[in-house]
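For reference, TrEMBL has these:
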- B:6-34: transmembrane segment (TRANSMEM)
- B:8-416: domain 'TRAP C4-dicarboxylate transport system permease DctM subunit' (DOMAIN)
- B:54-74: transmembrane segment (TRANSMEM)
- B:135-158: transmembrane segment (TRANSMEM)
- B:170-195: transmembrane segment (TRANSMEM)
- B:215-236: transmembrane segment (TRANSMEM)
- B:242-260: transmembrane segment (TRANSMEM)
- B:267-289: transmembrane segment (TRANSMEM)
- B:309-327: transmembrane segment (TRANSMEM)
- B:334-353: transmembrane segment (TRANSMEM)
- B:359-382: transmembrane segment (TRANSMEM)
- B:394-415: transmembrane segment (TRANSMEM)
Amino acid sequence: QDLPETTLSVVGSWSSLPLYQKFERVFWEETVPAASGGKITVNMTTFNQMGVSGGDVFRMLGDGVFEVGMTVGDYTVADAPELEGLDVPLLATDADSARKMVAAAKPMVADIMRDRFNAHMLAIAPYPPQVVFCNAEIASLDDLGGKKIRGSGRMTTLFLEALGAEGITMAFSEVPGALERGVIDCAVTGAGSGYSSGWFESSTHLVNLPLGGWDPVITAVNLDAWNAMDPAVQAFLTEQVKTGFEDPAWDDAAGALARDIACLTGSGECAAGAAASMTLVELSDADKARAVEVLEQKILPDWAERAGGDWAERWNASVGAALGVSIAN
Amino acid sequence: MIWYVSIGLAVLLALSVPVGAALFILGFGLDAFFSPMPLMRGLGQMVYSSSDSFLLIAIPLFVLLGEILVRAGIAERTYATLDTWFSWLPGGLVHANIGTATMFSATSGSSVATAATVATVAMPQARKQGYDQRLFAGAIAAGGALGILLPPSINLIVYGFLTQTSVPQLFMAGIVPGLLMALGFMIITAILCTIKPEWGGPSRSFTWAERMAGLPHLIPVLLVFAIIIGSIYTGWATPTEAAAIGVVMALGIAAFYGAVTWTNMRAALLGTIRTTSMVMFVIVGAYFLNFALGATGLNRALSGFLEGLGLGPYGMLLMIVLMYILLGFFIETLALMIATIPIVVPIVIGLGFDKVWFGILLIVLIEMALITPPVGLNLYVVQGARKEGRLSDVMLGAIPFVFVMLVMVGLLIAFPSTALLFAPA
Amino acid sequence: MTGSDRLATRVMTLVNGLRTANRWIALLCGMVLVGAVALIIVEVLGRQFPALHLGGADELSGYIMAAIATWGFSYALVERAHVRIDLVHARLPVGGRAVMDVIAMASVLLVAVLVASYAYDVLAKSVARGSRSNTPLGIPLWMPQIIWFGGWVWLTLTSALLLAATVILSLLRRWDMVEQIASIPVETGEVQ
Ligand code: NA
Ligand code: NA
């Protein structure tokens, strides 16, 4: 392949998490240079290694501080409330439906990235689902009512409040101590992060429900840089990012959740270390139906108002249609 | 590039450019000469995101708490009381200096503020009672350094902020090493003054009645400390919330001593804003410099270099400790912490050491930097309060205490539980 | 009184006015900080007594922190409180010290100008996008950011005026006055 020489500054997502270590870094530092025959070279770092807040990544990307940037879509909704629709809690309960949800949302996300952040969307890859660690008996969705829960993201917090729970803001590092001392009853994070940070030592019940959504990570290119690229480079990146990054990351997602749950509950082989023995809570179909009802009646209409424009209709026609959910008017 | 940063920093500091501005300018230079990315475009965002912080507002709150207590005359009363309890020891009042610094550290988040406060109340006594001022002043400089090891501590908050470490855990972990170090300071004073009585001053005895009469004056400080630490430890309040509670308590104590006057409150608020802004200027400057270092890949190159040495965990730790001792001679401490933590801490964790434990070890090294020449802010502050003699007297007087800090470093490495014993998960 | 005396006096009057203004600003910042204390206390009590529960104290305190620290930079500057290393400075004759004071003041001005201009972009972007904080409170970000941006503009103004004053007084060889407005203070034990 005959590509013009190109150098890219790439800023990845959290350097401590598997998405970066297993997929982002490998793709940009190994796959891209190799597949381009050494024509495309990459300087890679991550936003946390630069001390950049996750919510500032796309602002800086739009300004051209770097060419390629990755961050959790939910971190940037201060600048683009319509982006909240990419990651609605509880709608996708397994990796396949999450993938369907994200695929349906992609055209909207591409428009948002272009209009809000002067950027071209390249890919969307998932973090593991954001499940709930509780230091309390939990058997149903109702049991979350009245609990103090450390959530993340506005939509999750609003959902918790709709259930009668209290949303608490707290730094990630303070969570284990707070769970232990009863300052909070539950906290939301990825199952893998919770395992590697030892949250199982201060909590008893693992609610296997993506209350915090999937925290999809958007990869985007500065639009000016993108437009200045040779069409061959554009085509190369578009194709490679799908086969070399997005697909493998999604293929891994389903297995990852099962592996992490095995480590947290001791229900199976744990390759990461000693397995813990948390109680796994799977919510009933009635609970799931109730969650969807709360979303349809309260959370999503509120979002439609925040986002304004025709986002509710676009959402209903894409994500909603794919998952059989509809925002009430 | 590493030479650009080191020499650039040395030149700017030698030119007496304000430390915060020097860090910004180094970052601008990295952008202009080394970075593949136009970093300046991220300048505004970096500065905003580093100043908008619920955790960092604990800094002005703890400063305000200390300011109010000082204006309530707490330092004088504590000093007079500890004089009656400790001055029979060999070294006399020097022990009261250490004791007062320890007590005041328990409510102050800053070493420089603690040293300044104790120096102001203690130095007149040194003159009055004819002490050899070297050890006397050295003890204040070193005792004041405890301000950042015993909670509350601005530097521990900054460490927690930069490394995502639990600040309550860090606070708890600082207590035992802080108290051990205070004890070490007193032991070395007693030993030196037994060998060389002329280094201390007259040992004086007080009656038990005199001693008991002073005790109530210690209650306010102990109460503030207990409430701050208790509320954090039980999880009843975050560090920032505990600081706010402390401010309210300090106001109550000042009211009790009749010190809530417009003049006092005005001075306390102005002093708080002055200190906070001075600290924050360094923090935002260092934050931007880190952003530039990260973008140019210098920090990854450095950690790659260190990891490539293949020294093993303890060899590497020793290298890091030596580096801090060396840099600590020359670099202002907050700038030193912020500029090195993002590079050093990931390496240390990668070696399998505990993040909380390393935070405490680092603070002891930072305390050492505060009392070692040529750049040691506590030395300057104490010399300023003496208004006589030479700075070198204070430097000489601080040497025995540097020795105690070195012992503490060794102790922390040999027995990590010194720090981790009372640190909850 | 010679012409140069009159000029020096006028410069000092200006600097003193600047000092007074900054002292009032700092006092206002201090009172806002006391407001933050009240807000946080209510939040703590609100956890025990839900009737008092307001929420959002953490978010608002963050904005307050950004505001008071930034507006305080100028106060710390007129009070000569920013940390400077006097290893070389202290060993120079008055003229040399004045040169270093000019450099120091100019460095602050450089930083202030650059940060203020890029801070404007941050603010402008929040206004253009109608950005709101990613919390249930959903505060329009331009509100805290305009206060923060103003602090950097004020630092630009303060440092520019102080730099001009330092240069003029140095040219007039009024070293005592240069020392008063721009030098490194001899530690008095009051400095915290
Ligand atoms: Na302290
Ligand atoms: Na030093």
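Every residue gets a Cβ built from N, Cα and C, even glycine.
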Relative to the transmembrane segment (B:170-195), which of B:6-34, B:215-236, B:242-260, B:359-382, B:394-415 accounts for the most Cβ pairs at distances under 8 Å? B:394-415
Under 8 Å, at least 3 Cβ pairs, sequence separation 6 or more: does that hold for the transmembrane segment (B:359-382) versus the transmembrane segment (B:135-158)? yes
When each of B:54-74, B:215-236, B:334-353, B:394-415 is checked against the transmembrane segment (B:242-260) for Cβ pairs under 8 Å, which one has the most? B:54-74
Looking only at the domain 'TRAP C4-dicarboxylate transport system permease DctM subunit' (B:8-416), what is the mean pLDDT? 88
Is the transmembrane segment (B:215-236) packed against any residues at least 6 beyond its ends, judged by a Cβ distance under 8 Å, and which are they? 65, 69, 72, 74, 77-78, 80-81, 103-104, 106-107, 151-152, 168, 171-172, 175, 242-243, 245-246, 249-250, 253, 256, 424
